[in-house]
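Each remark here refers to the structure printed beneath this line.
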Amino acid sequence: MKGFRLFRSIQIKLILMVLLLILIAVQLIGVYFISTMKTSLINTFTTNLNNQSNLLTSVLSASNLFSSTKDENGTGDTNELLSTLVGSFFNISGAEIQVLDSSGKVLATSKSSQQFYVGRKNTSLLVSRALQGVRDNEEEIIDEDNTRNKVIAKPINSNGRIVGAIYVVASMQEVYQTMERINQIFVSGTLIALGLTTILGVLLAGTITSPIKVLTKQATAVAEGRFTERVPVFGKDEIGQLSMAFNDMTDRLSEALAINEEEKEKLASILSNMSDGVLATDEYGRVIVSNRRARGMLGVDELKEGIELSIALGIEKEPINDTLQGNENALLLRRDEDEEEELVFRVTLTPIRRRDRGVAGAIAVLQDVTEMEKLEHARREFVANVSHELRTPLTTIKSYAEALGDGALEEPPLADRFVGVIRSETERMIRLVTDLLHLSRFDSGRNQLRGQKTDLSEMLEEVVDRFSFQLRQKAITASVKVEHKLKGVWIDRDGIDQVLDNLVSNAIKYTLDGGTIEILARRNEASLLAIMIKDTGIGIPKKDLARIFERFYRVDKARSRNMGGTGLGLSIAREIVRAHGGTITIDSEANVGTVVTVLLPIVLEGSEPR
Ligand code: ADP
């Protein structure tokens, strides 16, 4: 496996490629060179042998040695002479020369070891062809020692007659040895060249592969998110350019990722600081992103991974599936925070579209519309209440006016009574409208407080004085107790006067004849001015206490109306007290009495008025 991997390395491939190329080139050159060399050497050897043989035949032809050996039994002297001649004449090392007469019988031989041939007949084909006059007779033979020999037979002419022939056998061993040496030189040269090429190949291929290795390392580093490392650039060649391009790419990638990261952070911080809840889903409607506000709205710390949006919101799947089909949807979600308050959220479902994938998910935006819903509800109720409150006196006025028109005018005592009713109903309507205007001024924030130094006991005495008639009528005893320290306090006298008027008038209205009313003012432990109006009246049932400050809320509508109440007195009182930065509370027990406590921050004499 390791070897296989090694073979896959570019360096090894390059080296093998170069080695193979060199091997093929050397082989081709070698084959061509050696074969040319061999041919040339053999040719030279053969030509040399032929030349010398020709020379010898010429010498022999010109000599009279053959004329004396014309007869069959040539003399021993002549043969010896021939032997000396051939022995000394030929300088081809190791060559054997036989001189033959016209019948093919050996007359002399150059080799002393071959002397026994003398007198015998040479029967070779070459000799008989030479004796027939063929001049170019040659062949290569391999003798018993496995030596290659060149054999040449040439005729000897004398006076136009063939008088004999020479027969030369020359060993070609030297030629082949030379060839062998050249071959060896070639092989060793090739091996040296291959060795050197391998070393050079390793070094040169290294110059290509090492930058590639560095690039690979860098690519891995980039893939792992390390953008600080750089590829060294060593030149302007292709690899240098690649390295530069890679560094450039790394920079851009890092920049793009940084921008991406920044965008993500921005988005995350926008999401987490949004006042609306946001939930995003994948294409299957499973929640993948949620912000803190959304989780807060749903009353959970964490959303389970991959939870379905319908389950997270506790709604039907239908609108979500519809949104995933590409439609927008909106719905109201009601959730009970605790028993008392119900939270209302508006959920807007919008599909997320991707250019190539169509709808890739949905976004649910949760808006807390509890306050809006409450306000809307209050507004509707208010309009209904106002219409109702105005309708009753108007109907009464209308019917009394009709009665007057129908003849009651003719009866003065009846007419007086009717006119009285019309007047009191009209006054009630005026009171109502005045109260409403008052409230509307508070609602729009147009009611400016005008602080002034006030003697509290004097102010409270005046309130009681204003109601002295009603108090006497109902034989109610009213008393005022004020801590003497509270002589000069800064308050909006008109505003607080109205609060006290409303509260005292209520106390009188809802106290039976002969009851008592106490008005107390003191500075409490928290340094707040506490004004209490206590009565011994009919009281308010516990269940109504929580809503008693609501506009138009009355415990007993008929009784309140009979008393000329509008149902707005307490709510106006609360608005004024709140504007002072104070609080108003009511404590009551049915048929025992009621205590209304107004707490106001005291601005002492000498300090800035509020
Ligand atoms: P109204 O004009 O009807 O008096 P208020 O807003 O002043 O309207 O009071 C609201 C309701 O609170 C009254 O209808 C009455 O039922 C109840 N209420 C207020 N003050 C007293 C009190 N001192 N004793 C008994 N019930 C009271």
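Even glycines carry a Cβ here, placed using N, Cα and C.
For reference, TrEMBL has these:
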- 12-34: transmembrane segment (TRANSMEM)
- 185-208: transmembrane segment (TRANSMEM)
- 206-258: domain 'HAMP' (DOMAIN)
- 263-299: domain 'PAS' (DOMAIN)
- 385-604: domain 'Histidine kinase' (DOMAIN)
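Within the domain 'PAS' (263-299), the DSSP-based counts of helix, strand and coil residues read 18 helix, 10 strand, 9 coil. Non-local neighbours of the domain 'PAS' (263-299) in the same chain are 306-310, 312-313, 317, 320-321, 324, 335, 337, 343, 345, 352, 357, 359-368; each lies 6+ residues outside the stretch with a CB under 8 Å from one of its CB atoms.
As a summary of secondary structure, the domain 'HAMP' (206-258) carries 39 helix, 0 strand, 14 coil according to DSSP. Restricting the average to the domain 'PAS' (263-299) gives a pLDDT of 90.
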